[in-house]
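J.: Quick one: the structure is below, and I'll ask about it shortly.
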């Protein structure tokens, strides 16, 4: 027995050593059931978890501004523009998903982030420009979501105030305390280390997005029935109600709002990196997730946006559930706005994880021996397996505080949303995915496919410039009358 035990131990030891050598030789850690081919812990994501991440990111605060956006464009152009953006987003997302691996779609080198994919396929100033745009857009989205969450919390307070004191009461309330509350919550949730550990938060947030979208849709249907007809016009808000120049600026801003409502390409690669290893390939799974999520969001957008416009016509509020087109039932509005807040807590984390990871990776490479940056502290009070990294705690908390303070200074929901959508849409959703796909698939210059892709990129650039101009005009108009930290009407 002793000899057999020694022999068995020797055999197991040599087998393990042989497996390790083989793994090193081939650069594969797939021999272990716990690791993927790149040596990282096995990914467990599926088409459904990827769809939940996308829906969490996409059906955000943007859905609530769509009734206003359709109101500027009318019954013809409004739904048409929405459908156009959905098709462009789906197509370019499919192109981008093919860039997750360099070379073969099942065995090629993984690109863990959007920046990694750009770095693997493009070079020089394009990489630096992409990094700046992606992370600047994430900062902008964090600010936009903080504004939207505070508006929804404020709406709960105001709905209760209107119910008690009547609709004519101004119910002046400051949004600043609610931004601080949201910021404190985000500091706590920002300590979740990475994407793999926020799937539960994404699924909860996705459920919340459906909740408030369905409530908004239902209230719109009830209002249409009460009106005994559909409001609105084929061309949108008429000249006379607004000046011709305002009509132009508002229409362009509506393009930006719709673009923002579909913006998620900047985190697509990070979401794809959570999907379990082939077969099927991550790109095939991601394409299916993109179909499911974009189709689902477009359906909800069409229903919520169109029904909101049908209910209120030219008077459609900038935010359907907080602009007080609806006053009753107040408790249902409270539920909807609470769902928005919960959703935005999750959406904030989904969007900010790439930026958090980028800064932390850079710091670890810059100061690899620093215990402040690389060390972890066990926190037994929270969970037996929960560890806090001091740098992560400091940096992520500082980021949340900074975005919260900026949100207090610029609480213009519609204009900020339109501007973010505009500046992020062309470069991150269209230009870089198109350029990377051309390199990845070695598409010949001036071939018919190359020309079509470049024309798509050019058309989207023109839309981006126009939408950004409209949103800047709106922000400038708001700044003329805005007083920081004041109460809202």
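Keep in mind that glycine also has a Cβ here, set from the backbone N, Cα and C atoms.
Because TrEMBL annotations are produced automatically, they should be read as predictions rather than curated entries.
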J.: Select from 113-134, 135-156, 245-266 the stretch of residues annotated by TrEMBL as transmembrane segment.
T.: 135-156
J.: Have a look at 330-351, 352-373 and point to the one annotated transmembrane segment in TrEMBL.
T.: 330-351
J.: Quick test of your reading of TrEMBL: among 29-49, 50-70, where does it put transmembrane segment?
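T.: Within the set 29-49, 50-70, TrEMBL attaches transmembrane segment to 50-70.
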J.: Where among 176-193, 200-226, 289-310, 451-476 do we find the most Cβ pairs under 8 Å to the transmembrane segment (393-413)?
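T.: Per the Cβ count, the answer is 176-193.
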J.: Under 8 angstroms, Cβ to Cβ: which one of 76-93, 200-226, 330-351 has the largest number of such pairs with the transmembrane segment (176-193)?
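T.: It is 330-351 that shares the most Cβ pairs under 8 Å with the transmembrane segment (176-193).
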J.: Do the transmembrane segment (289-310) and the transmembrane segment (135-156) share at least 3 Cβ pairs under 8 Å, sequence separation 6 or more?
T.: no
J.: Return the stretch with the most CB pairs under 8 A relative to the transmembrane segment (451-476), choosing among 76-93, 200-226, 419-439.
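T.: Maximum Cβ contact count belongs to 419-439.
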J.: Answer yes if the transmembrane segment (419-439) and the transmembrane segment (200-226) have at least three CB pairs under 8 Å among residue pairs 6 or more apart in sequence, and no otherwise.
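T.: When sequence-distant Cβ pairs are counted, the transmembrane segment (200-226) does not touch the transmembrane segment (419-439), since fewer than 3 lie under 8 Å.
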